[in-house]
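I have placed the structure first, in the form of structure tokens, so that the comments after it can refer back to it.
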């Protein structure tokens with residue numbers, strides 16, 4: 001493209017300080033360096049992780065910053081040494097990466113790349129420790145290596161998954177984070193057998209994706225557990241067959257589920273990060289074969305307490321990161337699940353706003369309205 005090797009001026013939504021509305025600014029985006037790519041973002045969506053670090057209540061604040069990590073775009077130019085993608089390729093940016101060289105990437109059992117694993121504090125590129133964004137010569141910091149709330153962004157090549165160009169980016173953009181996390185927790189980690197019973201704790205976007213994964217796997221009963229009963233009707237679209245609101249019962253949720261399922265569920269997936277829900281999700285699975293999968297991220301001081309007999313009675317506890325998907329290797333296949341109509345993505349997308357109204361997406365999430373809001377970069 002004519003812009004290759006040059007600085008691009010474009011619009012970006014800049015967070016100048018914690019918790020304050022984003023401001024649409026003209027930023028300068030430097031060309032990609034070695035092993036980097038510059039991507040024209042066409043669609044992005046807001047994930048709770050963006051909001052969490054924008055609020056910056058419990059972690060190191062890094063500002064001014066460009067948030068955003070769930071998106072779809074097209075490669076504009078590539079830096080030295082990049083051979084896997086070329087200008088014009090359709091890609092999904094990913095908050096974690098796959099260098100393909102480290103022990104994790106070479107292992108069939110892990111997706112936790114040593115080089116490109118998620119880092120929420122670093123606001124610069126790993127190659128030279130500098131930001132590719134600036135306003136009047138002053139750096140604007142990156143977020144989890146993606147920063148998709150900008151018309152153009154620069155990423156390490158290991159953090160972009162090349163996908164089928166026929167796939168509609170305004171739909172599959174949501175597969176680059178939360179939906180794949182929940183989906184993979186079910187199909188890659190919990191692996192519910194056909195006809196099994198699965199409990200899903202937390203019916204936000206990730207939990208609904210976990211329910212969708214259980215549905216695809218062939219589970220016959222999918223029990224949604226949530227303190228907010230207004231989520232129940234919507235969750236039926238994702239395969240949930242029945243529901244438990246812990247507030248409606250005067251005994252622990254794990255006992256309620258055991259009563260409903262003749263001793264416990266076959267699989268559970270915990271998507272809230274609440275430590276009590278994590279313990280309940282483990283203790284509600286059936287002895288002998290039950291598997292519980294933890295997805296939600298707990299408070300840093302949380303402690304997981306359960307009796308060792310729960311393990312000795314042959315219950316299994318697993319954790320997962322990004323649904324155990326390797327970003328570059330596996331995401332193209334997740335997109336193909338959608339293209340083959342096996343995975344229904346549209347039902348996750350409840351709202352859409354132009355880039356100029358990006359703060360509306362934050363308002364919707366604050367009110368708990370909808371599941372995913374697509375932000376259209378071109379009005």
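Every residue, even glycine, has its Cβ placed from backbone N, Cα and C.
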Same Zn(2+) 1 site as 47, 49, 69 according to Swiss-Prot: which of 173, 177, 240?
177
Give me the long-range Cβ neighbours of residue 203 (NAD(+) binding site): same chain, 6+ apart, Cβ under 8 Å, in sequence order.
211, 224, 225, 226, 228, 231, 232, 234, 235, 240
Using a Cβ cut-off under 8 Å and a sequence separation of 6 or more, which residues in the same chain sit near residue 177 (Zn(2+) 1 binding site)?
47, 49, 69, 70, 94, 95, 322
Around residue 297 (NAD(+) binding site), how many other C-beta atoms are within 10 angstroms of its C-beta?
12
Sequence gap of 6 or more, Cβ distance under 8 Å: name the residues on the same chain that satisfy this around residue 372 (NAD(+) binding site), in order along the sequence.
45, 46, 70, 174, 178, 179, 205, 348, 349, 350, 351
